[in-house]
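Data first, discussion second: the structure below is written as structure tokens.
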Amino acid sequence: MIASGGRLAAAITVAASAAYIVVLTSGFALVKAGVLSTPFGEGATAHVVLGVLSIAFLVVALVVATVVVTNAFTLVTATRLRDIALRRLLGASARTERRRILREGARLSLAASGVGLLVGAAGVVGLTIAAAAHREPGQALAITDVVDPSIVLPLIALQGCVVLAAWRGSAAVVSADPATALGAAIVTESGGDGDRRIGWAARLLLATGLILLGLSVLGGALTPLAAFVGVAGGTVLAAGILASATGILPRFLRLIARILPRRGPAAIARATLAEHPARTARAALAITIGVSIVTMFAVASASTNLSLRLMYAGTPLEDSATSVIDDVLGIVGVLVAMIVLIAAVGLATSVALGTRLRGREIAARRVLGQSRRHAVISVVLETVVICATATLAGLLLGAVLGWVGAQSVLGSALPWKMVVPAIPVSLVAVLAAGTLLVAVASAVMPVRFVMTDSPIRAFARA
Amino acid sequence: MTNTPPLPADGSSTLRPSPSVVARATDVVRVFGSGDTAVRAVAGITASFRRGEMTAIVGPSGSGKSTMMHLLAGLDTPSSGTIELDGQLIARLSDDHLAALRHERMGFVFQSFNLLPGLTALENIRLPESLGARQRSRDDVWERELIARLDIGRVLHRRPHELSGGQQQRIAIARALAHRPAVVFADEPTGNLDLATGDIVLRLLSELVVDSGCGVILVTHDPRAASRADRVLALRDGRVVAELGRANATDISALMLADAHDHSDASLRTP
């Protein structure tokens, strides 16, 4: 059931990403067509801004999709480890087993992309009708305004990302010991010590990303083309963060976990948090990405809005400028919602995986005398700390990236060459509430497991 | 027992058990499923287990030995019959009471060790202290003695995956005995160990039993492991079919084999 859940999560993610790509390219094509008919159409800035935005959104979606699909395939692989071990025992090589998962990933990716394409197309038709109704008569909407042939490229990139994700997610196959199929040995997780170190490649990515972002902030004062440097920097930084998440997030977690008392169920929560850095980081990563994206765009648009309003204040262009921005923000809102949806799917799979792997431990602690209530308290505390840490990390990262983005695109257009950073207060409140909600929701499954299962049944199944 | 007696909250018993008995099962039956598919995993067992004694429950798979252990440990509830542990009737205890009882009066040693992978050996030994509703106080002298006798002093700050199976199981034994429980349940403790290591582990366990005065209930299908016990109960189809004192592995396996033949013949005759 969990394995098919993992496949379903992967399929939903790929379909949503494909639909997202369609909506994104067509949406931006529409906005471009709209912008050209305004006084901003002559300026190079508007083109660059839109180009950069659409590329940034593509990159973000591909990164998120890769992370989520990797998680999903990790889950699928974990649940099949025994089957795989049996086939290995009967003579299958680890390579064939991994290829089998890769083929499955590719098939799933193609099928889900097809579905996503249809859903996205339906969305675009709706969008076009809405846009046409919005237009003044006489301004016909050409088909080339809506359909952009370059859409093929991101769709191909998506397939590549899914195959990559399937490959990384199936890494556990290599560790499937044929002996586990004999039933005597127990499938255990390897110790996570190796995961805690941050590799030099990740360090290099982080440093390069930060340097590029710094350059784009400075360059933003000169030309909007600095935004391309910014996107590159953001992508490299994101790759660095993904590569080092199992090293960085646990450190952050340990810091936050210090607020937990050292006794009772909180002590157990502390111990389990420190115990599986890779697993915890995976669960936190989905939230961190979701929160940082929301924050990034909220901060970017708030900062842009504030700066433009300050710049055009009192001129007749004030309304026109903000209306273009509102158009863009409308589409951005839809896109962000889709990314958050994908990230939520990722969180759900991480939690399912965690519960499955944790079931045995929870059962062991219950047998050793932990009461139900305490088991529930420690599970809930664990999830709350993970969610709070992930949200905080996402907020910080997103705020910085958002401001850098706005600065690199708009800095040069402003008389004072610097975008004024603005953080919407309501955002922080919404995110705090959202985090709490997510924490509670993701604790539901483990808690139900604790409440309904006798420790012995849990042992038998785990 | 005309009325249901109120539950003794302080652990004192209305049953006045003999002080040497730590666990007693009386006419215990456990049925899984219902109707035609009902399986009597335990079909009426009466047995008692004494302090300072290691009792092996042996039998082939499906004989009901694991179910019996779960029932004795309060991890499962009998369909009928009573179970008394350290002077308390456990059938009617709530889940929380049972958890507290496991926490304070029982120790567990598992086939797959079940040490938490992220904790060091010493942290694993001390883990149960913080599990219960009440923080358990630590007996430092006893802990040091356990560590010395189990010869795990040098590995206390390593994590389980850096330890051999035998070392992991010795850590698990220290965890099970640290709070001086009344009963230790050992579920196939040698199942994942080689013969020599398994032998050492069982010898240590049986020595510590005598010295700490707790009772050990050893569930196994390995005659060699059972030969380390002071007493052997052979189970078949949910019933005790034989009881031996200290016996060697050959006798125990002969008993298990002979019993299998007798019994399959008998079951063929019954409709």
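Glycine is treated like the rest: Cβ placed from N, Cα and C.
Residues or ranges marked as domain 'ABC3 transporter permease C-terminal' by TrEMBL: A:56-124, A:334-451. The transmembrane segment feature in TrEMBL is assigned to A:7-31, A:51-78, A:108-131, A:151-167, A:204-222, A:228-253, A:283-308, A:328-354, A:375-403, A:423-447.
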PLDDT averaged over the residues of the domain 'ABC3 transporter permease C-terminal' (A:334-451): 78
In contact by Cβ distance (the transmembrane segment (A:7-31), the transmembrane segment (A:423-447); 3 or more pairs under 8 Å): no
Cβ-based contact of the transmembrane segment (A:151-167) with the transmembrane segment (A:228-253), 3 or more pairs under 8 Å: no
Close approaches to the transmembrane segment (A:283-308) from elsewhere in its chain (Cβ under 8 angstroms; 6 or more beyond its ends): 60, 63-64, 67-68, 71, 242, 245, 249, 253, 321-322, 325, 329, 332, 336, 339-340, 343-344, 346-347, 350-351, 354, 386-387, 389-391, 393-395, 397-399, 401-403, 405-407, 409-410, 414, 419-424, 427, 431, 435, 438, 442
Intrachain neighbours beyond the transmembrane segment (A:228-253), with Cβ under 8 angstroms and 6 or more residues off its ends: 52, 55-56, 59, 63, 67, 192, 195-199, 201-217, 219-220, 273-274, 277-278, 280-282, 284-285, 288, 385-386, 389-390, 392-393, 397, 401, 404-405, 408-409
Long-range Cβ neighbours of the transmembrane segment (A:108-131) (under 8 Å; 6 or more residues past either end): 7, 10-23, 26-27, 30, 34, 141, 146, 155, 158-159, 162-163
Helix-strand-coil residue split for the domain 'ABC3 transporter permease C-terminal' (A:334-451), DSSP-based: 103 helix, 0 strand, 15 coil
